[in-house]
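Copied from TrEMBL, the annotated features are:
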type	residues	note
COILED	94-149	coiled coil
COMPBIAS	558-568	compositional bias 'Basic residues'
COMPBIAS	570-591	compositional bias 'Basic and acidic residues'
COMPBIAS	605-643	compositional bias 'Low complexity'
COMPBIAS	659-675	compositional bias 'Basic residues'
DOMAIN	538-594	domain 'Signal recognition particle SRP72 subunit RNA-binding'
REGION	539-675	region 'Disordered'
REPEAT	226-259	repeat 'TPR'
């Protein structure tokens, strides 16, 4: 009895210590006292609960959850449901936390708060929104502002990831968190300018709020503003201001924020700016996306985008195996997603395996008909790159939901025209027009839509351009029927009928307006003097007094310019008959016998320097009989061009300059005299 009394007294003292430490926030010391109590009574429910709370406060979630699981008989779900669910939530076991909350017999306010957080992490935004609305409606305590912040975060997530138009919650944006969430919702709607203003307001509120605390430094403020600045940079990137965005992103990275999720998003955005350039910087930034805990900080779509960019970076850095591995993994995770198969096809094309890429895309289109349109467009692009335009047209025409679209019709007609397949081009026009006729007949009997009329107009013009006037008649009649006042269409119709049915053309010509009604009030002088006119009338010069008199009189005969008599050469002899061939070049005259001097000059320099002449040029018998032309003394034997011969451009026979000068003088004199 005395031992039991002593134990009870010791336990009472320990409980007092636990209570005092709990009020002071010293949970480490409280845990020691709780452990002593459990040594006295290991199944004390209150002591076990206190131990779990102390471990949670100290951040030992795994140990706390272990104690809960080992004492299930004592710590039932009714007793410790919240603590168990919270430990699972903090250990990122979100599905287990949801089951624990749902299995609790009583839904306390604490469990409802945690339930909202769990739904947000599971991206069940509709259920989460309903949970927070219920909490705000039925709670009145000091945490109302935090609940409104969480509610605005849910709306922002819906706008960003589910493209849901957010409803006006009527929340007063008095805190920077609410302003930031409102800006995120605006970004999801594409209202970037409004979102930037909200972020600027959030930055201002954040500075005001934190500057009131004397213990907060400027570095702490910048760290808190990092997420706001990151969102500002994202808006700049969406607006095409990539340089400004890149500068702001790098400033945030230099601050080394502790939020791994923020760093991962910024690194991913920098990689998207770099694309296939600056790949070494992108490789460094990829490491930030692989930090521990990133997968628990970001949404599924954010993580998926990061993985897509990793695969693209592997492709840009020529890591073919890594690219195939990443894209195949992504395709297995998201079988219906387009990007993984497109990345694989792009990598195969880089490896010059175009046929395999087309086959991969075709298999995906067959398995996922809902996404077949985009895949087939890519297949057509690959076929065009290979030069198979006709096959590309066949693929495009197999996309039924796009056959009638003006862009598709234009592309097909252009491609068929390039291949000179006019019949197929006309068939494309016909099918598109028939689709609009059937579609309009099923909805309304009113006038044809502008797109329908535009297609008919383009079809008619195309047929007329390629000489198919007979086929263009029905289209032109339809257009004229829709607008009888269209003179241009009527003129085209008459032109087409003139080849087929002249009588019909005459009848239709009566509908043309008369020439009087079609006369245009045109200032001919202004038109002729306008910029770009092929003919411009010269303005008449103003007549002075003397000129006026000449104009009024009979006029004067214009003076004829006298031709100057040509000067005769100094050696001109009128008794000698001029040479009748004097106007012909010397080489073309009948008595020209070729140049007498410089024969060897023609031989020297034939070929590269250092080469020797060959053949008859080295025939000693020929050169010996001819008089020497070289200024150097020596016998009449042949001389090698490779010996001490002066380069051809400098070699001149004796007396050549004087002779040349004399000839030039004679030629010049003869020219003066006209001989």
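Yeah, the Cβs are placed from backbone N, Cα and C, and that goes for glycine too.
Keep in mind that this is a model prediction, so the values were computed, not measured.
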Beyond the flanks of the repeat 'TPR' (226-259) by at least 6 residues, Cβ under 8 Å: 176, 180, 183-184, 187, 192, 195-196, 199-200, 202-203, 206, 219, 265-267, 269-270, 272-273, 288, 297
Residue counts (helix, strand, coil, in that order) that DSSP gives for the compositional bias 'Basic and acidic residues' (570-591): 3 helix, 0 strand, 19 coil
Helix, strand and coil totals (DSSP H, G, I; E, B; other) for the repeat 'TPR' (226-259): 26 helix, 0 strand, 8 coil
Average pLDDT across the domain 'Signal recognition particle SRP72 subunit RNA-binding' (538-594), rounded to a whole number: 69
